[in-house]
2 protein chains.
Amino acid sequence: MTAMPDLAAIEARDAADPLRHMRDRFVLPQGVIYLDGNSLGAAPKEAFAELDKAAKEEWAQGLIRSWNHAGWFDLALQLGDKVGRLIGAGPGETVVCDTTSTNIYKALQAALSMRPGRSVIVAEGDSFPTDLYMAEGVASTRPDVKIRLEGVDADNIEDLIDDSVAVVLVNHVNYKSGILRDMAALTAKAHAAGALIVWDLCHTAGALPVELNAANADMAVGCTYKYLNGGPGAPAFIYAARRHHEQIRQPLSGWWGHARPFAFTQGYEPGAGITRFLCGTQPVLSLRALKGSLDVWDEVDLNALRKKSIELTELFIELVEATCGEFGVKLEGTRDPNRRGSQVSFSHENAYEIMQALIDRGVIGDFRAPNVMRFGFTPLYVGYRDVWEAVATLRDILATGAWQDTRFAVRAAVT
Amino acid sequence: MTAMPDLAAIEARDAADPLRHMRDRFVLPQGVIYLDGNSLGAAPKEAFAELDKAAKEEWAQGLIRSWNHAGWFDLALQLGDKVGRLIGAGPGETVVCDTTSTNIYKALQAALSMRPGRSVIVAEGDSFPTDLYMAEGVASTRPDVKIRLEGVDADNIEDLIDDSVAVVLVNHVNYKSGILRDMAALTAKAHAAGALIVWDLCHTAGALPVELNAANADMAVGCTYKYLNGGPGAPAFIYAARRHHEQIRQPLSGWWGHARPFAFTQGYEPGAGITRFLCGTQPVLSLRALKGSLDVWDEVDLNALRKKSIELTELFIELVEATCGEFGVKLEGTRDPNRRGSQVSFSHENAYEIMQALIDRGVIGDFRAPNVMRFGFTPLYVGYRDVWEAVATLRDILATGAWQDTRFAVRAAVT
């Protein structure tokens, strides 16, 4: 077994880290190394301040008046633009609302209505499952719609895209393997066949610079509770390129997406621009926690973020392979950092028990069936020494067989 | 102009009010009489405590572990049952999730799939508009579906229900007039024609005892941020009678409604019972504020609530008519308290300006186009003296012409 590298060299990297000061913007529990911010991001202090103000001042004291006076009506668009900067969207192209699943449904329905005569949805067999479930939901009331899956109907998604395809629904980074797709290339391929493309950014928004407009993407969705640190179940976002706004029609046509919601008239008329993706009244308290986090994000240089993210994941892979390889731990996904998101997965036949033992010692990652340990690296609050300590703990658990303790074998649901 | 009645008699009613102690559970601003709790309920102190705990302990310290350890996964069903008690549902028949608009869409789609061969949705022309917009959304991707409207296609909704009707979508209380429908009678009428019925309870949940199961209702939806005091944009609820659960299919088939969401398998399988109406990850912080409020509701006797509600609305009508009638204020809706929700509307050609003048003096109601002043009476925190003072203020504004101040003529969006 190779020894762990010198800790002083690791600490020097933390000292030189231009993002190091961002760590102070977050609350993290004592004794925890948190490598699961790709599932639920840590809490920014600003989120607490926003929540407190929204609840105790605006709700309790302002009451109904706060819809106007405290800007609650504007939050969905205001936060949309903050997310937009992080995903390469222009102003007014992104709105925060509802859930990723619901927004996938809207995007798929909009795409189908924009490609009359085409009835195929292309998706990935190893997609995060809700994307597929929502495509099934769309097809359930539109008997003409067919779904083609990469890994089922062909090995490569490119081979499924032809002139019967209305829309391609694809994850920018795979939730389990961490593999990053080439957005510009696949978008061009879809467009060459006359299809639209919807990008699921759940595992890239806030993880690396996303360039939707530069890639000529059509629509995108994603969540805000992972890398964006918006809080548990924080509302999701949806993006559409401005060139499509006028043509977008989607069936979740609630009053918040109406051109004049307070005219209380019969007959739906879609609102201007991206607002036509809104449906019902949004959860203001959860939105305000998200605002607290996005205010922090406003200060982040995404290129510095990506640079540190790659360094963290490279260091983690290097240390795990050097010190834990002999115990049957195997890298999943890719060795190429340019094809990887900000997460790393290793497989082991006892991945579940090992992850429970890690969590028991304060190193929190997660398990994905059947045999994957997944570790997320969130550069705003994870440092180089955290990586070193996480690997040292993993090595000890493997070397001592500590994971064989029976209390680590009881399975519970995790996100 | 009739004089206002003796204040001592009014105060004696407050002193004898069995719900009076509930007022202490809420924070209300100094100098405000809040008659808009039917639009956004006041803030219960317990909501702040829940929010604080969820944010600062469970999110910040528990992180991803709180999905299991803090019971976040169970909130949608747990809160659903708390709402269920207030609307006459049995355990496991109600779930809290998403928005009223989205839940209307799910309910209508489920009803259509349960009545193959029928393609008509019956609704009300003077419905809260989002109900109609969602019906339009359903019809937009199902060309066979037709919508019939009361007030457009016939004067009475009963005359629109025949054996081509799949589902009747109806508001239990009209948002503008406050008129209460007979749930048992209309449900029986729909069933006699073989149709299903979906009740929108936005203006009755928490306003009066609702008896869904006793009325043999099929499905219901509603919001939690009005009488239920869940906070701005708090997640909505959806109910389905247990007898329908096995047959329910709805196209917003996201992973939270899957039978085994953490198996991460291809192929949607609807979850057990009411959970199949869930779709995506719910906003936990907003749910927890709602939990704080519903914990207060657990203690409320709905018959006492209804008794006080009727007394408040009767007193308000009596005082307004006696002291403000000469200024052109006219009762809208019904004079029969048994056919009225917990709100009263008066029309006046200058309703907008008068309402602004009322709000300026701390009496908060709301305006509904074109000429309605709407006042909600929430028995948990509104008392008899509040009614007296609100009417005295209204009378003064009318008698002095104070509403003619130009600053009250600028229109802003209100919910």
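Just so it is clear, glycine is given a Cβ too, placed from its N, Cα and C backbone atoms.
TrEMBL has this to say about the protein:
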BINDING   A:Thr100, A:Ser101, A:Phe128, A:Pro129, A:Thr130, A:Asp131, A:Asp200, A:His203, A:Tyr225, A:Trp255, A:Thr281  pyridoxal 5'-phosphate binding site
MOD_RES   A:Lys226  N6-(pyridoxal phosphate)lysine
Response to the item:
Span of the recorded pyridoxal 5'-phosphate site, as the biggest CA-CA distance among A:Thr100, A:Ser101, A:Phe128, A:Pro129, A:Thr130, A:Asp131, A:Asp200, A:His203, A:Tyr225, A:Trp255, A:Thr281 in Å, is 30
Worksheet entry | Between A:Thr130 (pyridoxal 5'-phosphate binding site) and A:Lys226 (N6-(pyridoxal phosphate)lysine), the C-alpha gap once rounded to whole angstrom | 16
Practice prompt. Among the binding-site residues listed here (A:Phe128, A:Tyr225), identify the one with the smallest other-Cβ count within 10 Å.
Written response: A:Phe128
Practice prompt. Quick one: of the recorded positions A:Thr130, A:Asp200, A:Tyr225, A:Lys226, A:Thr281, which have a CB under 8 A from chain B's CB atoms?
Written response: A:Thr130, A:Tyr225, A:Thr281
Worksheet item: Between A:Asp200 (pyridoxal 5'-phosphate binding site) and A:Lys226 (N6-(pyridoxal phosphate)lysine), what C-alpha distance do you get in Å?
Response: 13
Fill in: For A:Lys226 (N6-(pyridoxal phosphate)lysine), the one of A:Thr100, A:Phe128, A:Thr281 that lies nearest, given that the binding-site residues are compared by Cα
A:Thr100
